[in-house]
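Engineer: Here it is, the structure, as structure tokens.
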Amino acid sequence: MQLTNRSKQVSNKQMTFAERIYLPAIATGLGITIKHFFQKKVTIQYPEVKQFLGPVFRGRHVLKRDEQGRERCTACGLCAVACPAEAISMVAAEREKGEEKLYREEKYAAVYEINMLRCIFCGLCEEACPKQAIYLRHDEFVPVFTERDQVIWGKDLLAENMNNRYLRKAWTKEEAREQDLKGVEAEPRTQL
Amino acid sequence: MTIDVALIIKAIIILLIFGITLLIAMYSTYGERKVAAFMQDRIGPNRAGPFGLLQPLADAVKMFFKEDFIPSQASKWLFILGPCLSMLTALMTSAVIPFGDSVKYESAPGKVWDIPVQAIDVNIGILYVFGVVSLGVYGIMVGGWASNNKFSLLGAIRAASQNISYEISMGLAIIAILMMTGSLSIRHIVEQQHGGNWNIFYQPLGFIIFITCAFAECNRTPFDLPECETELIGGYHTEYSSMKLGFYLFAEYINMFVSSAMISSLYFGGYNYPGMDWVQAQLTSSLGEIAGHNVGTLIGTLVFFAKSLFFVFFYMWVRWTLPRFRYDQLMNLGWKALIPLAMINIILTGGAILFLKPLIVSFLK
């Protein structure tokens with residue numbers, strides 16, 4: 001029974017003289033390696049040059065704000081429920097009068113913490129969020145930390161900076177696929 | 001007083017040869033990693049200093065600061081002796097290699113010293129090299145045996161039998177050259193290849209045999225069975241750490257450079273290059289007798305290093321091209337192919353010297 005077309009007939013024929021003295025084959029091999037010697041290198045100088053990893057790569061988290069800079073999160077806790085690593089915890093609070101410019105809805109997260117040692121960057125929080133408040137950035141990683149107090153990220157690190165908003169071409173995998181089909185070119189490697 | 005200055009020049013030359021040999025061996029480790037990377041479409045070490053040029057120093061620092069471990073069941077003194085022997089024999093060979101023509105020095109008017117750029121010009125240079133290279137096996141054998149580790153011992157045995165087997169055909173390949181030149185002095189052999197009259201054009205078969213054996217003698221791929229990681233962990237230096245391991249690895253690179261220098265002086269004319277007489281005449285007419293000669297020597301020395309370094313590169317090039325031989329294939333190649341070929345080469349050379357040479361000479365008349 002033939003499963004694939006890749007089967008190869010093995011032959012035990014005697015080697016010819018040219019094959020037996022090895023030298024032509026060695027010369028061919030040397031030619032191949034020297035060709036690679038002058039070829040363009042594939043190495044990316046990582047910390048200096050970062051490769052674009054795709055529009056929906058799951059990097060570090062960001063708590064989105066809306067256009068007027070109000071936090072979208074309503075502390076519903078769905079992300080924490082969805083989180084398989086139980087990395088997310090939050091404390092909800094009610095919006096006071098005069099805080100309308102800070103929080104979009106009546107309830108907000110007074111404390112929102114993600115334990116970066118627990119997080120597995122699965123993106124389930126992103127999918128669970130009904131308010132489109134939490135996203136995993138496609139362009140930044142969680143930087144290496146060495147101290148205990150750097151492990152748990154609070155709102156100070158997570159909330160979006162309105163001067164440098166986080167935008168991307170595609171927000172879902174479906175959108176990204178559509179854009180790929182349309183032939184929207186990928187972002188070039190960014191020099192940092 | 002005059003003798004003293006000549007002696008000082010000689011001492012400087014010897015120290016330079018010693019230093020340059022070490023320096024080249026040091027930077028071959030860097031070169032090896034760069035060549036390996038380039039052939040695999042990578043960049044290689046580039047973080048330590050510009051282009052990673054300080055990498056050998058970083059490696060040396062690492063080697064020095066690692067724990068120097070001696071296995072409890074190992075024979076302690078032999079364990080220490082092994083890498084020392086390896087290093088010693090590797091460095092000794094560079095003494096007889098003619099790196100350049102000669103330096104002229106006028107101590108008094110009309111009294112010109114002619115100092116060859118070579119540590120010692122012994123008239124049995126090739127025999128000396130062969131003797132020392134054979135001693136090099138002891139370094140590996142003693143080290144592997146003293147480790148009290150079966151993998152080390154296996155590696156050492158492999159190294160010993162491989163080196164012995166390939167020394168025979170290497171010697172036989174050299175005999176053809178000795179028949180042509182009639183001298184055992186390497187300087188003499190180089191001088192006979194004046195200009196572009198290189199031995200490679202008369203001894204292509206001998207060259208192929210010699211270079212194959214040189215690969216085997218240096219334990220380089222495709223003949224690196226003594227230290228093949230896949231079978232023997234690390235071969236004879238499995239148990240070694242710190243600078244003792246560094247010595248073994250370093251000795252390998254010195255051996256590589258020395259054998260490259262041997263190849264270029266025996267087959268590729270050493271410090272001779274086509275058109276050297278013309279260059280020498282130009283230099284003498286423009287710079288004067290002595291300075292012109294010295295500059296010519298310098299150019300010749302640079303040519304010699306260019307040739308040697310090309311062969312060092314060739315070693316690396318082959319390493320990243322060919323896979324390792326199996327041990328029986330290695331022995332078959334050595335005993336059943338190279339030794340008969342070398343003997344045929346001797347017969348052919350002898351026949352050519354006897355019959356072809358007078359024929360050509362009479363034809364040219």
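Each Cβ is built from the backbone N, Cα and C atoms, and glycine gets one as well.
The transmembrane segment annotation in TrEMBL covers B:7-28, B:77-100, B:120-143, B:164-186, B:198-216, B:245-268, B:295-318, B:338-360.
Walk me through the surroundings of each of these features.
Structural biologist: Same-chain residues lying 6 or more positions outside the transmembrane segment (B:7-28) and placing a CB less than 8 Å from one of its CB atoms are 56, 60, 91, 94-95, 97, 99, 103, 105, 113, 115, 117-119, 250, 253-254, 256-258, 308-309, 312.
Only residues 6 or more beyond the boundaries of the transmembrane segment (B:77-100), in the same chain, are considered here, and those with a CB under 8 A from a CB of the stretch are 17-18, 21-22, 70-71, 116-122, 125, 128-129, 132-133, 135-136, 138-140, 142-147, 186-187, 190, 239-240, 244-245, 247-248, 250-252, 254-255, 257-258, 261-262, 265, 270-271, 297-298, 300-301, 304-305.
For the transmembrane segment (B:198-216), same-chain residues at least 6 beyond its ends with a Cβ under 8 Å from one of its own Cβ atoms are 162-163, 165-167, 169-170, 172-174, 176-177, 180, 189, 222-223, 259, 262-263, 266-269, 272, 315, 318, 330, 333-334, 338, 341-342, 344-345, 348-349.
Nonlocal intrachain contacts for the transmembrane segment (B:245-268), taken as residues 6+ away from its ends with a CB within less than 8 angstroms of a stretch CB, comprise 21-22, 24-26, 28-29, 32, 59-60, 63-64, 82-84, 86-87, 89-91, 93-94, 97-99, 129, 133, 136, 139-140, 143, 174, 177, 186, 189-190, 198-200, 203, 206-207, 210-211, 214, 217-220, 236-237, 304, 307-312, 314-315.
Beyond its flanks by at least six residues, the transmembrane segment (B:295-318) meets 24, 28, 31-32, 35-36, 39, 99-103, 117, 215, 218, 220-222, 256-257, 259-261, 263-265, 268-273, 276, 279-280, 283-284, 287 of its own chain at Cβ-Cβ distances under 8 Å.
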